[in-house]
Amino acid sequence: MLLSSLLSVADPPQLLPAREQMAFTLGFHIIIVPFGVAFTFMMLVCQFRALRYGDQQALLLAQRWSRVAAVLFAVGAVSGTVLTFELGLLWPGLMGAYGAAFGFPFAIEGLFFFLEAIFMAIYIYGWRRLPPWPHFLTGVVVTLAGVGGTASVIAANSWMNQPGGFTVKDGRVTEVVPSKVFFNGAFWWETVHMLLAAYIVAGFMVAGVYAWGLLKGRRDRYHRLGFLVPFTTAAIAMPLQFLVGDTIARQVFDREPAKFAAIELVPSTADHVPETLGGVIVNGAVRYGLPLPDVASILAGFRPSTTIRGLDAIPRAVRPDDAVVNVVHLAFDVMVGTASLLLLLSLWFAWFWWRRREVPTNRWFLRGAAVAGLVSLASLESGWVVTEVGRQPWAVVGVLLTRDAVATQGNLWPLFATVLAIYLCVGIGALLVLRTMRRRWSESGPDAVAVPYGPRPAPAAKDHSDGADRP
Amino acid sequence: MSTTIAAILFVGVIAYALFGGADYGAGFWDLTAGGPERGRRSRELISLSLSPVWEANHTWLIFCLVTLWTGFPQAFAAITTTLYVPLGLAALGIVTRGAGFAFRHSLPEGRGEQLSSAAFACSSVLTPFFFGTVAGGIASGRVPTDGHGDPLSSWVNPTAALGGVLAVAVCAYLAAVFLNGQAQRRGDEQLEAAFRDRAVAAAVATGLVALAGVFVLRSDSPRLFHQLSTVGAPLLAVSAVCGLIALLLLRRSRTVVVRGMAATAIATVVAGWGVAQYPYLLGTHLVIQQAAAPTATLWVLVVVSCVAAALIAPSLLVLYVLQLRRKLG
């Protein structure tokens, strides 16, 4: 019912399956992205400890994490390739008309991905026979390429939110100013927002595994370190994310008023707008939510008298209907709500650390940390829902409607069904592989002898070493 | 300027044909290696050789797609709105293949491992086939300038079928040659001989398909045939000579020369296709210049390509050298 109400009669029949498939595949890919972007950084922290201070446990962690990264990177590489195809197969109206303007950030992303793929391979497969510090440096290249790749993809996405740097004549892009396309109005903050999100999600997800181990009584140094490095990373990024998110909200208020009206659930232009927690809009009226008087106005302009443009300010032809607005608003609430919980958890951790200088033993804290990864994923996904659904009905704000961007040939439902089936298998497969690794490692324990940077271990010794996984 | 970009795009296509091709072909030999016991050693060699390099090998595909949609967006949309069936199938094949490959050597031996291994092997054959049909559809001029061509006959036709079969054969050939070299480096004489025989068989099969292709193209794609037999002829001749030399040298275990010759043979065939199509982007119509993006965009692509040549090429070289010297794994 919700899905059908998102569509109007005039839309081509391909619009719904195309949007659902894009949402699903992007939503899947974005789970993997944090690991490609941020996980390597945590490995490098551990590896640095190992190389600098001879910390064997840190070395073992870095090695095992790189095995996990190898699997996730493969899944990310192929699910990213699918997105590339989908831009053409599902959205030929977007790429055909505006590829000349905003296609090149993807080309730059291609460069960074190339670097990432090459050095990721050298890093993952280089443990045994590369010299230590050069091996470490290949990991640094991966981390930097991850930042560059993120920035490039976000450049394309943020251009769709705040397009600029091109001239259209007779339906063709005739002039392009590349710097204004890439560094569009939304670029910097959206990039930082996503990078921090990647470090937060990867950090909490990895830390959650070790929090689980700590809860089960495995309080050895291996588990404490495996918890500490990723959790600290995420906990440091968390308050920064609040500052960045708050700034972005005000920028959206300034430059994307339609999206802001949906986020804050503002039916008609007004001042003294309340911040509505939860709630939905029904026939133009806000229902059920918990209103905090004046707060939306204060957040937008620091004064209760700040006027916020409502949904009624959007021309009727391109005004999102109630269902779209509700999705955007509730997704925003989920994002901020979950992020607030994670911020509290981070502060709690900071307090523990300040008092005791050790990994907390409080069981409620550890339980929270164990699920923090999943909570952060919910935050990440709903954040993307806000930015993507919040742009509707536009594919490129003010320039191209989504319904004009979509493919108009063939029946897309079978493709979507097949994609769902294959992704389900891939998801299950990835989880099975990770479970297999976890079991093998928990059997061999934290004292498993790893022989990096040495000569090839003898076959007999190999079976007990961590490197015994078939490469 | 637009011709430069088209040339850069074609360099990407050639690179993908070589590196991606050898990669897919390894999957072909994985599929045909026999039962779990008999094929074990072949599969181990394939896993070892592919693991560190397969992601980089497939990044060329991304390079081609982004260059096409940035430099020639109209042609890109025309292709995707016409050939969406084989392109969609190829995309699904890529997911199945990559995931299958990544999972199989992380799973313990058993059902799950065999399942992902089968997924990897089957999609390794199907994916290049579909890409071949896409190439055939474009080359024979079946993609209209404004797109929305016939969704079926655009890729179910003689030239596309030739493209598909030729792609699979070429992949198998390249892979057998590379795996022969890998086996030799690892001092495994038995596997070395096995892949030598496979390389010879694949070379002969590729040659026969190419010969049959002459007749297919003459009746189905007259312009392509005419251009190939005139401006493209020198390249095809080089290809034939290199292919023959490679075939003769295979017996003498000169793997470095053989690899070079085999790669040249394939690269020149693909280049021949590009030269034969010139100055058209879609086989028989849509002149490159007309389809090109504004100059500023093309300049960005030139810069990106220069950075790629300066940064990516040496990095790739490091990766392949480390892999060949068995420093990885």
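Every residue, even glycine, has its Cβ placed from backbone N, Cα and C.
These come from TrEMBL:
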- B:6-24: transmembrane segment (TRANSMEM)
- B:75-95: transmembrane segment (TRANSMEM)
- B:115-139: transmembrane segment (TRANSMEM)
- B:159-179: transmembrane segment (TRANSMEM)
- B:199-219: transmembrane segment (TRANSMEM)
- B:231-250: transmembrane segment (TRANSMEM)
- B:257-276: transmembrane segment (TRANSMEM)
- B:296-322: transmembrane segment (TRANSMEM)
Are the transmembrane segment (B:296-322) and the transmembrane segment (B:257-276) close enough that 3 or more Cβ pairs fall under 8 Å, when only pairs 6 or more apart in sequence count?
no
Distal contacts, the transmembrane segment (B:159-179) - CB-CB under 8 A, six or more residues away:
17-18, 21-29, 45-46, 49, 124-125, 128-137, 139-140, 142, 191, 195-196, 198-199, 201-203, 205-206, 209-210, 212-213, 216-217, 220-221, 224, 246, 250, 255, 258-259, 262-263, 266, 269
Sequence gap of 6 or more, Cβ distance under 8 Å, 3 or more pairs: do the transmembrane segment (B:6-24) and the transmembrane segment (B:115-139) meet that?
yes
Intrachain residues whose Cβ lies under 8 Å of the transmembrane segment (B:75-95), provided they are six or more past its termini
58, 61, 65, 68-69, 123, 126-127, 130-131, 133-134, 137-138, 142-152, 154-155, 281-282, 286, 291
